[in-house]
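Enquirer: Okay, so TrEMBL annotates it like this:
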- 22-41: transmembrane segment (TRANSMEM)
- 88-110: transmembrane segment (TRANSMEM)
- 116-138: transmembrane segment (TRANSMEM)
- 243-262: transmembrane segment (TRANSMEM)
- 269-289: transmembrane segment (TRANSMEM)
Amino acid sequence: MLNPINTGLAQQIAGIETYSGAGLRTALFLVMITLGSYWVIRYARRVEKDPAKSLVYGEDEELEKQRLYASGAEGEAKRMNGRQKVSLLLCIPVLGVTIWGVSSQGWFMIEMAGMFLLMMLIIGLVSGLTPSAISASFSEGMRSVLEAAIIVGVARSVAVILEDGQILDTIVHSLGDAVSGMPSELSAVGMFAVQTGFNFVVPSGSGQAVVTMPIMAPLADLLEVTRQTSVLAFQLGDGLTNILYPTSGYFMAALAIGGVRWEKWLKFYLPLFGLWVLTAIMFLVFAQITGWS
């Protein structure tokens, strides 16, 4: 609802007031989060009653054994000591400074990375680790996410090829033409479908907004769809598939770190995705009928 990178940017490009239309977005958010919470709790209760019903039954136990063995903590139950609790609390002001820098000082990836490195040093020193131990722990942590980092790079390569090949604008224009032939009642749904498909090649929210909204906003005027609704179609098209498409770098990285195979995740997520899509369609049709702006 308040993400400046996709909601704010898309509304600016569409020429409407930033963060306007919050009422319907809030209602949609509450419905979506309720459906998602129900789905997760339902699955958790089922696995609690019968662990064999877990989609990763056996695999998660093996992964945990490997991690415990690698950390030398196999068979041990460890608790946080006083130093570790203090170091964890000291992360709060560092995160606060990071949020301040991003929101008011124009900080981005380089500055954020620097703050997280600072956080690492603070945690290590307060926890009583030597510089050598801090360096060794950092290297071990980086080794554990190396596979995920490679996956992020490979996922990004799809968008890079399409951008450098100057193919993206052609794709967006063709998809826009397809939407323009739809009945007005379904135009907003068509925009949602276009944005959902386009998110496969450009999983970045800001990138998708910059590429698609300059075309979709004027197209909405021609189709008698409010620009506010076109932004909502963009948000839904960008959001629901971010944890579905294998081209989404951070999503695939999370699966790699968690040791969950993509096809296993699909078995869990696709039914929920279907519920979310139906909800999105109903809200978009409602927005179109009521002339939401």
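The backbone N, Cα and C atoms fix where each Cβ goes, glycine too.
All TrEMBL annotations are machine predictions without curation.
Note that the coordinates shown come from a computational prediction; the quantities given were computed from them, not determined experimentally.
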Enquirer: Given a Cβ distance threshold of under 8 angstroms, which distant residues of the chain, six or more beyond its ends, lie next to the transmembrane segment (88-110)?
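Expert: Cβ under 8 Å, 6 or more out: 80, 116, 118-119, 122-123, 126.
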Enquirer: So what's near the transmembrane segment (269-289) in sequence-distant terms, Cβ-Cβ under 8 Å and 6+ beyond its ends?
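Expert: Contacts with the transmembrane segment (269-289): 24, 27-28, 31-32, 35-36, 39, 184-189, 192, 225-226, 228-229, 232-233, 236, 240-241, 243-244.
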Enquirer: Counting only residues 6 or more past its boundaries, what in the same chain has a CB within less than 8 Å of a CB in the transmembrane segment (116-138)?
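Expert: Distant Cβ neighbours of the transmembrane segment (116-138) are 83-84, 86-88, 90-91, 94-95, 98.
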Enquirer: Apart from its near flanks, which chain residues at least 6 from the ends of the transmembrane segment (22-41) lie with a Cβ under 8 angstroms of it?
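Expert: Tertiary neighbours of the transmembrane segment (22-41) are 1, 7, 232, 235, 271-272, 275-276, 279-280, 283, 287, 292.
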